[in-house]
Every structure is written in structure tokens, then in C-alpha cells.
Amino acid sequence: MHLARTLPTLQQAVHQLRHAGKRIAFVPTMGALHEGHQSLVRAAIAQDYAVVTSVFVNPTQFGPSEDLARYPRDEKGDIAILERTGCSIAWLPDVDTMYPPGDATGFVMGGPALGWEGARRPGHFNGVAQVVAKLFGQVRPDAAFFGEKDWQQLQVIRRLTADLLLPVAIHGVPTQREEDGLAMSSRNRFLSPEERAIAPLLFRTLLQAGHALSSSPDAEEICKNAIAALNGQGFDVDYFALIEGSSLSSIAILPEGDDWRLITAARLGSVRLLDNLGRAELARFRA
């Protein structure tokens, strides 16, 4: 695996892969890697791509009340994980490389960026779009792989790529879960033992709501009951809603097709947990 810390080093390594006839897939991360990130790399390798993975904690997607310094970092561990997962290039830029002096171009995202996380974290998706556009420009991949756990982010990236006519195929990869159903996240390490024991209830409640929607037309009542149940178990729920999967608009009745998601965000102690559920995952799990 190549380690690239400067843009010329990255570009040379990518050129070597292309010269060898490889297609390039890109997996952007903020580090503190876990099995969820590894699943993205493996998904790309399974489609016969050589994989470039970035590790960069992007400051522009953190709001004023969010602690950038607290975000977990483990570069040595990340490099070891990427190497054994089969990554071809680890891209480890610093802040000055990503945001050089005089940097004056940003994004104001609309559409799928406006509600849910976008409403609660103003500017967050502007920062996500900014860094992803820069990374795409640096790596110039044929494809990029993102986890479905951050469903809204995935739709924002799809919108960004389409709007800017970027020649990058965007792939969503199913959420990776712990054995008890908790969605894997770098922030899970901040849960206390007591909170960790409670945390899987978030996914179980999504499953219960999903199965209830299969037999009841009243999504609003089902989601209202889910919020009450979670709050009663120690969560502080930001939202729990049935949405159209692509537009992220709220819907009242479960549609027949696959273009829907149950989404939720809730705080447990100091940790904010996100999760979502679609038809394919609902079919695999019992409530």
C-alpha cells in the first residue's frame, strides 16, 4: 500500500495504478476506522477497483458548537486497517493541503441538504460538499463508495456529483452493524457501558416501526410512538420519520416500491447517534 501525504505523491501513485490498467475507486473517511469503513473498501475491491482511501478530519463540516478536537484520531491504527483490507493508496493530507492560504471557494447546498441533519447542523453539508469536491479533484476516481448509514449525506453527494457533472459513479454500501444491531460509528467509543447497553434500542425501534408500517397507514402516529418509546429509555430524539429515499421528503404512507427510508437521530448522553432503515434491511431482520 502506498502512503501519500503530498498531492504530487498521491498523483504519482494514482498514475501508476492507471498505467497498470486499474480502475480507481475512492473511499473518503475521517479516520478512526472500523468494520464499516472496511466494508466500503471491500465493496470496491469486489468490483475490481484499486482503492484510494483518504483519512482527513475535515474542519469545515463541524459547526461552532461541535468539538473538532474531540473527534477520534488513530492514524497508525487506520493505516494498519487499510493495509490489511487491501487498500492500494492511503491519502493522508493535512489542512493546508486541503485548504491552502487564500482558499475562497465554498458550496451552499440545497435540495437534500436542507432538512434533517442539514437543519440541525447548519453548514454541515456545505463543508461535506466542499471537501468531497476537492478530494474528487485530487484523486479523480472512476467511482466512490459511501455508507448508507449516513443516508442523507449519500443523497447530498449524489446531488453534488450530478449537478457538477462529475464523472464519478456513486455507490451506496449497506450499513454495517454490531451483533446487537447498533450501527457501527467512530463515535460509539464515547458511549459509557450503560449507554452502550441501551444504544441498540435505536435500531430495534426502527425495525418495530418498519414492521408496523407494513400493516398500518398512519406513519405519523407510528413515528410519534417510536419517539416516545426512545425518549422513555433515555434517548433524546431529534427526529424519527418516514421519508422518500431520494428526495428526503416526509411521507405519510409506506410506498409499495423501495424508495423510502425510516430515519432517526438521537442523543444518548454526549453521543449523537444516526441510523436508518430501508425495505431490504427490514426484510432481513425481525423486530
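Note: Cβ is positioned from N, Cα and C throughout, glycine not excepted.
According to Swiss-Prot, the features are:
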{"type": "BINDING", "residues": "30-37, 147-150, 184-187", "note": "ATP binding site"}
{"type": "ACT_SITE", "residues": "His37", "note": "active site, proton donor"}
{"type": "BINDING", "residues": "Gln61", "note": "beta-alanine binding site"}
{"type": "BINDING", "residues": "Gln61, Gln153", "note": "(R)-pantoate binding site"}
Same-chain residues at least 6 apart in sequence whose Cβ lies under 8 Å from Gln61 (beta-alanine binding site): Gly123, His124, Phe125, Asn126, Gly127, Val128, Val131
Lowest local Cβ density (other Cβ within 10 Å) among binding-site residues: Gly36, Gly147: Gly36
Around the Cβ of Met184 (ATP binding site), the count of other Cβ atoms that are within 10 Å: 17
Gln153 ((R)-pantoate binding site) versus His34 (ATP binding site) - Cα distance in angstrom: 19
Met30, Ala32 as binding-site residues, winner by CB count within 10 A: Ala32
Fewest other C-beta atoms within 10 angstroms, as judged across Gln153, Ser186, which are the binding-site residues: Ser186
Which listed residue (His34, His37, Lys149) has most other Cβ within 10 Å, given these are recorded positions: His37
Of Gly147, Lys149, Gln153, Met184, i.e. the binding-site residues, those within 10 Å of the residue listed as 'active site, proton donor' when Cα atoms are compared: Gly147, Met184
Where Gly147 (ATP binding site) falls in three-state DSSP terms: strand
